[in-house]
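Annotated in TrEMBL:
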ACT_SITE  Cys81  active site, nucleophile
ACT_SITE  His168  active site
ACT_SITE  Glu170  active site
DOMAIN    195-388  domain 'GMPS ATP-PPase'
BINDING   Ser222, Gly223, Gly224, Val225, Asp226, Ser227, Ser228  ATP binding site
Amino acid sequence: MAIELIVLDFGSQYTQLIARRLREVGVYTEIYPYFTPTKDLLAKNPKGIILSGGPASVYDKDAYRCAPELFETNLPMLGICYGMQLLVDSFGGQVRAAHRQEFGKAHLELLEKHPLLEGVDNLSVVWMSHADRVESLPPNFKALAKSANTPFCAIAHTTKPLFGLQFHPEVVHSVQGTQILKNFALKICGCKATWDMQTFASQEIAKIKEKVGTDRILCAVSGGVDSSVVASLCYKAVGAQTEAVFVDHGLLRLGEKEQVVKMFTDLKIPLHVVDASSLFLERLRGVSEPEEKRKIIGMAFIEVFEKKAKELEKRGKIKYLAQGTLYPDVIESVSVKGPSKVIKSHHNVGGLPEKMDFVLLEPLRELFKDEVRALGAQLGLPQDMLKRHPFPGPGLAIRILGAIGYDSLELVRLADQIFIQALHDAKLYHSVWQAFCVLLNVCSVGVMGDNRTYDNTLALRAVCASDGMSAHFAPLPFEFLESVANKIINEVKGINRVVYDITSKPPGTIEWE
Ligand code: XMP
């Protein structure tokens, strides 16, 4: 499929969101690192370029800069946040540290009519996240919109197709942000809106088929949406050359293994189940540091897969390991194509050993959860599987703060079962993006009957999100929370206090570790 737009990545946590918003409006977009030579970018024949945000400051001497000749190509260009500041700095304007950093919502005051802002309401809410700001525009640039704190919210060159936005149109909090990106793509660059999930599915199946050839794939399956979609893609691409493997690492929820086995039986994809719980629990014994837990789990997974692959090699060498890595896992663990910051090592990305016997196959690496759900529907997977809440690879290990023991695993399992069942019973399960329990490793005093208790505290976590990159705590009804807390305290011996987590992401993350 021909590339319509290129996003140059300067390390923003939101770079992929830009590409994703453009996919939503049907525009096929690829991301390249900011240092990609101009001739390589031009060889892709894009109709326009977007410069992403990034954590650096343009006035630093080692600031990330693209090749200066890129600005001479006459291609339409849209700079977002750092991207706009880079544009301003490169054309002779001034960027400085802002007196006050600006994070959060602002209202866009439109200063003139312009195709970039067509269909955008005056005072529309946009989302700011910047510590630097443009002090003065370069010659021949003008402001299209301002906000209470930012005189240059949207800018344009008076004759060349160069544009800048100080806010982030790609995040959901910028209410009409997609409209602005759509205007840039369709009205200014003249892109075609021909990308859809069906095209993506057939492209990925063809890519897997071509890449794998006569080799074999070990497909790591967790029972979650992502790995099930990957298994289905692999199975559609190379059929029985796919070996789907589910590892019971001892950190699963109640009844999880049985559910996964049933799901794969229904899908008619053969599944190998490996019980490796003692290996994982032994390695994790006494380990309390979250990143260490994640790395241990990542390594143990690979070890188990390599062992299983050896066993299966009677049928032919297994060259590939397919896994359901998503974009949020990648961006928060390692920089994808640019220089973004590590937030936590997702087990399937940052937690992998440097040397592995496998070549990785990660067909969902650039997608977000809701896109994977749409892809799954396209592939014909059942709705109840597609609508399951995400369950992270490290499982309950990152929902028990501190060291993990059999007793604490048992407590979280029972409490989690009560919480999730209650959400189903109250028909609230599908109104939240993810819900789970966290054992806090904090004891507090209580009174039950006439006796003093000194037992564990459990946190209930439920969030609303669309892609997992940002999330808001779910406003579950108090009566519901009260009845769940009562049930847990009455039925799970060892828990005498239940709290509800009201932190959003950012500043928190969804999981506690
Ligand atoms: P955080 O906690 O980073 O989580 O806000 C965002 C989403 O990703 C899930 N998550 C993971 N999924 N492997 C996974 O497959 C992991 O290591 C991992 N860590 C977090 C998390 O449950 C949430 O849905």
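Here the Cβ of each residue, glycine as well, is placed from N, Cα and C on the backbone.
Just so you know, TrEMBL annotations are computer predictions that nobody has curated.
Annotated features taken from TrEMBL, shown on the structure.
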| residue | record | contacts (Cβ under 8 Å, 6+ apart) |
| --- | --- | --- |
| Cys81 | active site, nucleophile | Ser12, Ser52, Gly53, Gly54, Ser129, His130, Leu165, Gln166, Phe167, His168 |
| Glu170 | active site | Tyr14, Leu17, Ile18, Arg20, Arg21, Ile80, Gly177, Leu181 |
| Ser222 | ATP binding site | Phe246, Val260, Gly324, Phe391, Gly393 |
| Gly223 | ATP binding site | Phe246, Glu256, Gln259, Val260, Met263, Arg388, Phe391 |
| Gly224 | ATP binding site | Gly324, Arg388, Pro390, Phe391 |
| Val225 | ATP binding site | Gly324, Lys369, Val372, Arg373, Gly376, Met385, Leu386, Arg388, Pro390 |
| Asp226 | ATP binding site | Gly324, Thr325, Leu326, Leu364, Lys369, Val372, Pro390 |
| Ser227 | ATP binding site | Cys219, Ala220, Val221, Gln323, Gly324 |
| Ser228 | ATP binding site | Val221, Met263, Leu267, Gly324, Gly376, Leu381, Met385 |
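Secondary structure from DSSP puts His168 (active site) in coil. Confidence over the domain 'GMPS ATP-PPase' (195-388), given as mean pLDDT on the 0 to 100 scale, stands at 89.
A simple way to gauge crowding: the CB of His168 (active site) has 24 other CB atoms within 10 angstroms, across all the protein chains here.
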